[in-house]
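Copied over from TrEMBL:
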type: REGION; residues: A:245-282; note: region 'Disordered'
type: TRANSMEM; residues: A:36-56; note: transmembrane segment
type: TRANSMEM; residues: A:302-322; note: transmembrane segment
type: TRANSMEM; residues: A:351-375; note: transmembrane segment
type: TRANSMEM; residues: A:395-420; note: transmembrane segment
type: TRANSMEM; residues: A:427-446; note: transmembrane segment
type: TRANSMEM; residues: A:489-508; note: transmembrane segment
Amino acid sequence: MTTPTRTPYRSRLHPARAGFGRLLHAEWTKFRTVRAWPVVLGVAVVAVVLVCRLGASGSSTSGGGPVTLGPGGERVVDVFRFTHRPLTGDGSVTVRVTGLRSADGKGIEPWAKAGVIVKQNLDEGSRYAAVVATPAHGIRMQWNFTHDTAGSASDIATTPHWLRLTRSGQHLTGYESADGRTWSKIEDVRLPGLPRTVQVGLLAATPAHNNVHRAFSGTSETYGGGTVTATYDRLALRGDSTATAWKSTDVGGPGPNGPAPNGPAPQDAQPGRTDVSPSGTYTLTGRGDIAPALDGPDMVQMSFQGVFVGVLFMVALGTLFVTGEYKRGLIRTTFTATPARLKVLAAKTTVIAAVTFTTGLLATAVGFSLAQRVLRHNGFAPPEFPDLSLLENPALRAVVGSAALLSLVAVLALGVAAVLRNSAGTIATVVALVILPQILSFAFPLPAAQWLLRVTPAAAFAIQQGVTRYPQVKVNCLPESGCYPLSPWNGFAVLAAYAAAALLLAAWRLRRRDA
Amino acid sequence: MSDATIEVLDLRKRFGRTLAVDGLSFRVEPGTVTGFVGPNGAGKSTTMRALLGLDAPDEGAALIGGRPYHALRTPLLEVGALLDAAALHPARRGRDHLRWLAHSHGLPAGRVDEVLQQVGMETAARRRAGGYSLGMRQRLGLAAALLGDPPVLLLDEPVNGLDPEGIQWMRTLLRTLAAEGRAVLVSSHLMSELEDTADHLVVIGRGRLIADTAVSDLLAAASGDRVRLRTDARTQAMELLTAQGATVAVTGRDTLTVTGLQARRIVELLNAADVPFAEVGAHRATLEEAYMELTRDAVEFTASAGIDEVAS
């Protein structure tokens, strides 16, 4: 070397450790100093709120018919043929179910019911516990509408089966037996509020047949018919009863004033029948159901129509936060300042997630509250549509979940952007993943539509569902009715998995490729 | 290993079928401005990206103070880099660009103002970068490189787009920075830009080292035995001198550069043949010429050599 070596220069600045907190600070500064980005966030909030409110104003109801509320305050269906006697104090009812078949010429519904029941009184919605046999779901013990415990899978279409329900104070215990000698317990439940004298007896019920016709122009769901005949023998009541004879009642109808059994009441609803043969065979013909009512509109979900619009803004933000750097080579400056590229990815993800979640939460909370006010004004009022508190589930889960959904969509876009390094391609990809399945699901055949809403990030919109789904009620999960096939959190997990996969792919590419 | 050095050791980097850098080695010492010269596509930017950890070398190493870039804990305090002055978000103010960089290293806010003042961008930095001229971008890029007050500077074509006044300013600044003991590597595809700036030169072509030399040595060698001759009778003079075994190059309308004959002998020959001439003098090579001399043999440069050579 011909050049003389000099004393090397040393930086006069203190060597500050470039920790992750500093990296977050740097990325946050980047985000807020491009004026368009905070502005987009603000516009997104306004758009989400407005569309939530406008979407809600498109829905109205005249209030509908009378509503049956269960002991928990939820809407229920409580319509069935009841052959009963009063029971005072402790006791039990035992019977052998010898058959359950359709009485209307069509197939039998999987959740048709024949069995024994202990009920607070003859009013709709009153407390009860029942042990029933079903055509497709075996023996069940059900109580107070929302609870359901499976017993054996015995099929009473082929083999008669014994059922027993005993009362001991507030405790009701269900048993079943194949032969009437060996009994197995299904469940022991406590029913507080049960009076000393209750009605016990036999029941027959079936949900109405339900047909769905889907076409491009629209979807029609029809409910009709639905009558079953249940046969019993060896009926035995133990305990004190003030009546010596069995009486029969159609709980909840039938007739023009009867409420709908999980759907509009059929026009041709016939009264139930109970025939008793001299040999002690009881034949009950009836319709209806004893279950939570799931046919009503989802007031929670109806309040979140603006979130779709919000998704578009979040996709744009998540994308531009990354591609804006690639487009101009700024990413090299970023990686020069922080050679640990995965930390940069983590910092960017954290900043975009926090920013979009916070603003998303503001938007969904305000949007939901405004939409609820509008819905209330449009006839969705208690008691049929109880008030929803923002701070209680399902509204709380839907509000926070929708904000998290918006945030995850932004993270998904960020991850895809770091892989593709191109705005147009990223936005097209993410919109195709999140929004397109919704649109296609309206047009596709039901199985394909439901599949789409299971496997794409669109599944996450399930987080907005306010209606609790119960396995003991068959529902046609129609996309056009806002039904998502996955449960709220499972649906949300699908989106989270996509976002995580995009980030992993981005991390892999960042490490491998030159900047 | 001293802190303020740049070392490239047998560096190889391939992009698809193109071998961008092919076994390049050189070293930049503290206290010097080293010019990194080669035509466009010679591998200068690739080498700089490898030094900054942006491109991973296929073979060899690119080290700052003996360490690869990704091993630096506070890189901005150890290396200042200006790669691409256009790498700015157009909607972000110049000052905010420096602020996020400062935040990434927890540097005090006052440091941003210091470097803005140093590059004369205090006022312009309040505007959004989209409206900057190329010169302003260069100044902001330099401010970013200086933010961590680093002992090593890597500047890729920093005078590109500067006006003459700006070029002069940049020269002074680079010399000052080197005088403070920093190692400064300045790339350029125009040798003339490094005139009066660089102490040392690393010349590359097609990814290979062509020369690694002090500027003073290079100029002395290039000036060598060359004689500048001004004459109106250009053709006559050329015929005469080439016949005597000299190599003659036309370097102007009435100027020839003669190699292979002493000035005194040329005067004798011209006088004897009665060829008129205005001036004969020892040639003082410019850096540009020295560069041409250096690269003349490299095949890829002949087309762009710019000097019509007359074969002897």
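Heads up, the Cβ atoms here are built off N, Cα and C, so glycines get one too.
Of the two recorded stretches, the transmembrane segment (A:427-446) does not lie close to the transmembrane segment (A:351-375), with fewer than three CB pairs under 8 Å once pairs fewer than 6 apart in sequence are set aside.
Taking Cβ pairs closer than 8 Å, the transmembrane segment (A:351-375) reaches residues 24, 27-28, 31, 41-42, 44-45, 48-49, 51-53, 55-57, 59, 299, 302-307, 310, 314, 317-318, 321, 385, 388, 390, 395, 398-400, 402-408, 410-411, 414 in its own chain, all 6 or more past its ends. Among the stretches A:36-56, A:302-322, A:489-508, the one making the largest number of Cβ pairs under 8 Å with the transmembrane segment (A:395-420) is A:302-322. Counting only same-chain residues 6+ beyond the ends of the transmembrane segment (A:36-56), those with a CB under 8 A from a CB of the stretch are 302-310, 313-314, 316-317, 320-321, 355-356, 359-360, 362-364, 366-368, 370-372, 374-375, 378. Proximity of distant same-chain residues to the transmembrane segment (A:489-508), defined by a Cβ-Cβ separation under 8 Å and at least 6 residues beyond the stretch ends, is recorded for 342, 345, 349, 401, 404-405, 408-409, 411-412, 414-416, 418-419, 433-434, 454-457, 459-463.
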